[in-house]
Amino acid sequence: MNLELIGYLDLIIIIVYLIGMIFYGLYHAKRENSEDYFLAGRSMTWPIVGISLFAANISSTTLIGLAGDAYSTGISVYNYEWMAAVILVFFSIFFLPFYLRSGVYTMPEFLERRYDRRSRYYFSFITLIGNVLIETAAGLYAGSLILKLVFPDISMTVIILILAAAAAAYTIPGGLSSVVHTEVVQAILLLAGSLILTYITFQEVGGWDNVMAATPPEMVSLIRPIDDPSVPWTGLIFGVPLLGFYFWANNQFMVQRVLTAKDLNHGRWGALFAGLLKLPVLFFMVLPGTMARVIFPDLENADTVFPQLVFNLLPVGLIGLLMAGLLAAMSSSISATLNSASTLITMDFVKNLRPGLSSKQLVRVGQFATVILVLLAAAWTPQIEKFDSLFKYLQMVVGLIAPPVVVVFILGMFWKRGNADGAFYSLITGFVIAVILIFVNVTMPDAVISQWHFLHTAPLLFLFCAIVYVAVSLSGSLPPAEKIEDYTWKNKIYTDETASLAALPWYKNFRILSVFLLILTFIIVWIFR
């Protein structure tokens, strides 16, 4: 153990906290039936939904990735965070009502309601790959980075296996209820610890003037030129919303939390609350990474900047508490993706192949699927080291997976002519192109197409898949009436909601709350433009 970084008191705090979280998660276990296990009984109120959404997103993966990217490229990485608030407003108004009223367990199940089983199975397959390659593996990698600093003599493989086992310890027995309740505790701890670290970092660098003196002006600007390697303004307009829409409105990992809401209002309030929580991320997760350039000007691996700040600036005791929160958040994120993935396997594949299984048998299948997914993610995790940074790895993979999926959700919701063939062939086309692009990027990194920014590639792929969707739909038959009636947007929905909202006080009207959230978002972006 590296005693220069962490003392025995900190180590005891970490161990006690992690064990406590496992027991707390098991205490809140729900596994009587499949709805309890996979959707926490659909009983969550808006604060729990909002904090759970935020905690699932602001995991150790994001925290380490944001700080690392801010260290190397500046605050432009925050564009992904404020855009989430805008996306969640759109999601709350248009998509969430359809998801909750349909009573679905998974996003692929919703695609089957709108199109057919082909789209459902494709999206389930893609989502499973994404859960293993993106969220779970990246979470294990982030946790292993931290522990490798503390225990340099232990191999990365052993560390990854230990972390995977800890995450599975309460996810497998307890289901989503365990995941959500532990996420709330971890989010509060992580927020408090990050705020303390930000304050201490600010004091250590001697104020904002010293940060500006050591940092090029463009690094503290959100709006970047078109050739910027991090977030060009064209990518901000066309690429970031695309990735954000997939992540917040189509991704089983995130949407599953909103499906736990007790009703539509609580789901909407929770989603908007999560959007509000994303805004201060600039101050306690992004800016510390940029400020760290003054303290650690020559870090070899930018992804280690957050743990370096913790180990070098915080006092004994606080180090243990924040590292415990960081590792617990990593565990929470992994457990969340594992639960989402096992839900997909169980409800989208096994239940259809074996319709006679009881609800308790489905829970057992979900638990077994979780074990397999943990092992697959642990096996893939070491490959992430080959990428430039953790955050770029996450965004690049999402940038290739997202476009065809977003096409079939958005056009399917707002264009009644879209049919099952249009959706399926659009998804397949996007998948083939994504595989080709990944192959070219890996085998021919100097090729012209490999030099394209993923925020430019994603909207081009979206446009091409949309053309395929429209062309195939127009050349085929009209979709059945039942596919359109309950799963496409109508003006009547807006007018009916307007009447029902009139009876609510303003602070419960999600439209008014949405306007406030958008105004606050605009103010922050304008200040740091």
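Placement of Cβ uses the backbone N, Cα and C atoms for every residue, glycine included.
Sequence annotations record features per position, and here TrEMBL assigns transmembrane segment to 48-68, 80-100, 121-142, 154-172, 231-249, 270-296, 316-341, 362-381, 393-415, 422-442, 454-474, 510-528 (among others).
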Have the transmembrane segment (393-415) and the transmembrane segment (362-381) got at least three CB pairs under 8 Å, pairs 6 or more apart in sequence?
no
Which bits of the chain, at least 6 residues beyond where the transmembrane segment (270-296) starts or stops, bring a Cβ under 8 A of a Cβ in it?
44-54, 57-58, 62-63, 66-71, 74-75, 77-78, 81-82, 84-89, 91-92, 96, 191, 194-195, 197-198, 201-202, 204-206, 210-211, 214-215, 219-220, 257-258, 261, 302, 305-306, 308-309, 312-313, 510, 513-514, 517, 520-521, 524, 528
Considering only Cβ pairs under 8 Å, which range in 48-68, 121-142, 231-249 makes the most contacts with the transmembrane segment (422-442)?
121-142
Does the structure show the transmembrane segment (121-142) and the transmembrane segment (454-474) touching, where I'm treating 3 or more Cβ pairs under 8 angstroms (sequence separation 6 or more) as a contact?
no
Using a Cβ distance cut-off of under 8 Å, indicate which of 48-68, 80-100, 231-249, 362-381, 454-474 has the most pairs with the transmembrane segment (510-528).
80-100
Restricting to the same chain and to residues at least six past its boundaries, which positions have a Cβ under 8 Å from a Cβ of the transmembrane segment (454-474)?
231-232, 234-236, 238-240, 242-243, 395-396, 399-400, 402-404, 406-408, 411, 415, 417-419, 421-423, 425-427, 429-430, 433-434, 437
